[in-house]
Every structure is written in structure tokens, then in C-alpha cells.
Amino acid sequence: MAEQNPAHAAGGPVPGRPGSVAPQVPEPSEPGGPLPPKPDQEGPETVGPTGQPTGSGQDRRAQGGPWLTTAQGTRLYDTDHSLKAGPRGPVLLQDHHLREKVMHFDHERIPERVVHARGAGAHGVFLGYGTATEICKAGFLAKDVETPVFVRFSTVLGSRGSADTVRDTRGFATKFYTDEGTFDLVGNNIPVFFIQDAVKFPDVIHAGKPHPDREIPQAQSAHDTFWDFVSLHTEAAHHTLWNMSDRGIPRSYRMMEGFGVHTFRMVSASGGTALVKFHWKPKLGVHSLVWEEAQLLGGVDPDFHRRDLFDVIEAGAFPQWELGVQVFPDTPEQAFEGIDLLDSTKLVPEELSPVQPIGLLTLTANTKNFFAETEQVAFHVGHLVPGIDVTDDPLLAGRLFSYLDTQITRLGGPNFAQLPINRPHTAVNDMLRDGMHQTAVHTGVAPYHPNSLDGGCPFLAGAQTGAYVETPVAVPAASKVREAPLSYADHFTQPRQFWLSMSEPEREHIVAAYTFELGKCYEQTVKERQLGVLANIDPVLCARVAEGLGLPAPEAAVPLADPEPSPALSQVGGAWPVDGRTVGIVTDGTGDLSQVRAVRDAAVAAGMLPLVIGPSGGTVGSDGDALAVQRTFATARSVEYDALLFAGVPAPAADAAGGGDAKAALPQADGADPRMVLLLGEAYRHGKALGGWDGAVRLLEAAGVPAGAEGIALGSDGTEAFDRLARMLPGHRVWRRFGAD
Ligand code: HDD
């Protein structure tokens, strides 16, 4: 028998039902205490229309019992042959299994997200430090409170099947399943946005997506419409500069920062308010690919980031980020040090307002089913919990509308909150009813409030009983206008600050990125207009890009500002944990394999992922001394590794360099497979730590690496070479090879 609703028990018999008298309905806004969740609020996998549990086990809707069945649970004896009139006869219309199987297949796909279609997700846990409690009453931020989370990373422009390593902004969306309701922090890896007002969002996306006539290029900003838009809307200069920097091509999701971008309002238990900006700080530091690597990876391993995330979680090297906030006084101006906090194209330098850590995110589990979890997860900036409120940023206002709206098309109706990945981990007792894909079996007769027929249930909570109460912020008396405030008009000071904060190698990368992207445009006017934008950021930047394009560099059209550089914006420098770094150990099977083993073991002990690369699959070495090979010269490209060590290059011999055409086309080190030389040459060009022993020096020569080059770890044996290599990895790249100090 279904559990009796305690409200009914308290109120006595219900009118309209046999033997009922009018109940004593308590004042709905002041219930005596919180009600337990109604048993009928659950999906059909736990309760059927009869109120009885259905199936058994956790996945009751699917994969229950050992037998193959139809969707109705009827067991099948064959699923490989249509029902036919004889083995060679026509297929019969009455084949209900064929019909059901193909019908379902026909509808397996749902529309991809209109932006952020390509992504990867993982489960984890958030640990509150308690350091935010003074300014925020949200329970999940309290000390030692653990909250389950689901995080989805994404690119913005590409389709679901596009490559991970394209130059683009990355999404960083986190769903906190808190005890007070679900909180979504839907951010990016760049702290500022393209536009200041959501009304332009369709425009900037139309400009960035492939051209409508031929639907190319895929997942790229290197085309005319994108640069046409951003050169005409100069508020985009800041975000675009971040895109053209190394931030646009992260090494992995676990080496990206995340930002809430907008300013939010935090509310304390005593009702005090503060303005905050959210930051995710990766424990492994912020690191990027170099452009050539990113391009090669698009072909070699388009799933590079997705694979990295999945593999490190499987290996137990759980990625971690600290959540932090920059805190600003909640003044009527909503500005800090002259920076308008409601303008999402501006950041507040960390040197002016340090990021204060408030909790730790650890990703601990991969998805079991990509579609059910990563594809169906629905984030929304309006999923807020008591203690966190929105501000009047016009970009945020549009988002508050958009995220619910888009799910109706994408997830096929208004009941997407009932999908397992979207279900809150707290009691739900809403008055939302029916609609497409309704899976709850609601009982009761009065889904409205107040009511007397369901015993007044559900009741309204108050501030003391955990209700979400909007902050009563004063709205200034004003006229309705389609205008931006004057403070939104400065589009160049902060991009200039970003440029001035970069190290020389980072500047070189930025120049190369603009030159590449604009070089892919056909329209001369677009290139010239964008050079005009760059001139307003910095004359050197403009001149260097103009030179690459073969165009004259224009003069700045605005006076150049003189902002203080913000060292926190640069990625170069510092030492970071090396967990999960991939070290390739290249051997052709000759030489002392015990050295390879020693290096492999040392790398594992250091928390890295060593992979032995050999001439072919299987093993290298003699029977008694065989060593397993994880990658082959045919399957390995340097771009998949953070560092490479070379072992076992045989001594020169008159006939040792032979081989097929592919070998002949590449530079030769006597006796070495030319594909080793290719691996080495690329790794050198990409600033990676590399080295080796036992003949590796001849490979370096063959690859054209200058004697005494930076970041080469040579050793008399494997252990010595590895020790030298391991000292370079915390810096991510050998920046000195690119001219950094
Ligand atoms: Fe958005 C998805 C981040 C502005 C409209 N957005 C989406 C996702 C992220 C962001 C990470 C992917 C969520 C997921 O993994 O499912 N978006 C941002 C940030 C913005 C931003 C950081 C600015 C600060 N977005 C923005 C605006 C609008 C949208 C101004 C519309 C007016 N965004 C959407 C959307 C998406 C979306 C169309 C597509 C799929 C979805 O929402 O669920 O509604």
C-alpha cells in the first residue's frame, strides 16, 4: 500500500471522497514542518501507475533480466531475421519486432546543441571548504560538505562529431546536485564573452558557424563571416584575443581554467550581499597545445580531449579544480576599480582582487552511457540555490531565458528535468504536470496552490525553511531604452592589458593565430578592418600580423590606454604536477631493454603514463627478454605525447639504412627508423622535453636539432635521461626553446 501523505493524516478526511469532512487546512505559507517527498514523484522505473515498483535493480527501464525482449518486455527468440513468407519470400507487415526495432532506430538521434554540441562529461564530487560561509548561505559551500556533480566540457562552434583540438572557446558547465536543489555553473575557459548583450548572441553564432551556403568550415573561426562580425562589433576584441592566444587550444580539459564570466550576487545567512566572479583553477596548471599540434591532432586523434579525460579517470588520476571567487562590495554602482561588473567583456585582474578558494572539485567517474548522461544533461544559468543570485548583466538576462527554451527542442518537451542525469538529488514536489515524455505518475487532484483538496500539499517554504528568496535589490528609476551604458564603450583597454601581460612566445603564438585566421579570409575589407581593431590594441601586434598578411598596418583610431600588465594572465612559468603526463619511450628493440623497463617504472612511480613505442605491435626484444609495445611506429605521432625518450638506436652500419619508399623520403640517421626521426623532429619543434640514451644523439642530428639545444635530456643510461626529462615536465613545455626567459 502506498505511504499515506502525512498532510492528509493531519488534516483528516478529504472532501469529495467517501466519508470525508472538510479538513483543517493549515495556512499554506506556514506549514508546521517540511513534508517528505510524495511517493508519486518518481519515474516509472521505480513506480508504475498501480503504485507498485516495476522491475528490479537500479536500471529498471533497461537491461533487466537476462533475456532479449521487446520494449514491452516480451521475450524474443530471434533478432537477426525478418519474418518472411518462406526463407526467400517477402517480408511480412505483421513483423512487430522488425517494426519496433527500426522505428526506434529511426529516432535514436536528437538535435545537437545549437552551440557547444561537441563535448565530454564526467561525474565527480565537490567539497566545500567553508571559506565562503560568511558571504554565502548555500549549504554546499559549507565546510566539509560533499556534493555530487556532473561536469560537461565542450567546444562552442563545432558539430557533435567535430575535432576536440580546434581553436575555440571551451565550455565548462558544472551541475551541483545539492541538498537545496540543483545549482548549475555554466561557464567557459575564457573569463570574458564576445558580446555584452544577449540580443546579439544569435548573430555572433551565425557568424561563427559554417557558411550557410556550403556548410564549411566546420568548427573553425578562420573564415570571413566570423571576422566580419568581430571586426564590426569591437566589444568582441577582448574575447577574440583570448581565442587567438594559447587559451584557444588547451592541452586537455583538466588543464583549463573555468570562469562563471558574469558577476553573481552571494547572500549570507544574515542577509548581507556581495558581488562575486567564479573561477575554476586546475590543480595541474593551465597548459595548451601549440597550433601545429592542434591541427595534426584533428586528424591523428580528433577525440584527443575526450580520450584524455576518460583515460585519466579510468587510471585513477582524478582531475581536480579549486573553485574560487573574487569578491566585490555590492554597491549601487556595481563596479570595482572603475570596471563595470555587469559588462561580461571585462574581467577584474587577479592582482586587484585575488581569487579566494572556496571548494574543491574532483572528477572521479566516467559516464556509463554517453547519450543518457553527456548528451541529455541540460544546464541552465537559472538553476540557482539559496545564497546565489543573478545580477542585471544583460548577457545573463538573455541566458536565463535561453537555456530552458532550447531544451524543449533538444530534449523534446518540458519534462527534461525527469531524465536521470537532470534529476535533482533532493525532494521534488512541483505542480508541473503532463506534457511530452512525462514519466512521473502524479497522484492527487490539486496541482495548484493553495488547495484544500490535497490537504494543502505542497506547502510554501519561507526564508527560514530553505526557500529561494530573490534579493530585494533596488532598481533605479529609468526610462525604457535600447541602449548600453557609457561604461560598455571601452573595447580596447583590457585586450591591450592581455597583450601586454603575455610572454614573448605567447605573443608569437597570438600573432601566428591572427595571421592564420585572417589569412584564411577571402575578403580584403574584412582583413583590413580587423587590422584596424588590432591597431587599437597594440601597434606591434598589428604590424606583425599585417606583415604576415602582406598588408599595410593602419594607425590606431583611439588613444592607446596604459594598463598595468596582469601576470596572472600568462600561462608561461611555474611548476605544476605531472600526473597523467604521457611519456613515449621509443625503441626499435635493439640495445639494453632493461633500461626501457627502468624508465617505464620510474615514469609510473612519478604518476606519469609511459607508453613504449616499437617498430610493430606485440613485443620487442628476444624471447627471454621480451617487452610489450603499446604503440607502434605506424600508430604513434609525437602530438599524442608530452615528452619522448629515445632508446636503442643501433650503431651506424653500411646497409642499416635500407627500407621502403616512406623511409627514403625522410632524413636518415644511420641505422634508425626514419619514423623515429619524424617523432623527434616534431617533438622538438613543439617545445617538448625529449632526450634519450644509447645512440639518441645521432637521431637528434638526423632530425636537425642543433647541438646544445634547450630541453634535451641525454643520459648515459635510461634512468639518467629520464631524471633529466622529468625535471622539465612540470614547466609543461621547454619555453626557452621558444625564446622565453
Ligand atoms: Fe551558452 C550552451 C556557456 C552565453 C545560449 N553555453 C552553453 C554551454 C556552455 C555555455 C558551457 C554548454 C552547456 C552544456 O554542456 O550542455 N554561454 C556560455 C557562457 C556564456 C554563454 C559562459 C556567456 C557568458 N549562451 C550564451 C548566451 C545565450 C546562450 C548569451 C543565448 C542568449 N548556450 C545557449 C544555449 C545552449 C548554450 C543555446 C545550447 C545548448 C544548451 O544551451 O543547453 O541555450
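Glycine is treated like the rest: Cβ placed from N, Cα and C.
No curator has checked TrEMBL annotations; they are predicted automatically.
Take the heme site that TrEMBL assigns to R113, R152, R399, Y403, R410: the candidate from F201, F328, F336, F459 listed for it is F201. The Cβ of Y403 (heme binding site) has V186, A378, F379, H380, V381, G382 as same-chain neighbours under 8 Å, each 6 or more residues away in sequence. The CA atom of R152 (heme binding site) is located 11 Å away from the CA atom of N188 (active site). Once Cβ contacts within 10 Å are tallied over all protein chains shown, the recorded positions R113, N188, F201, R399 are led by N188. All chains included, 17 other C-beta atoms sit within 10 angstroms of the C-beta of R410 (heme binding site). Following the DSSP three-state reduction, the secondary structure of R113 (heme binding site) is coil. The two recorded residues, N188 (active site) and H116 (active site), have Cα atoms 10 Å apart. Its Cβ placed at the centre, R152 (heme binding site) has 24 other Cβ atoms within 10 Å.
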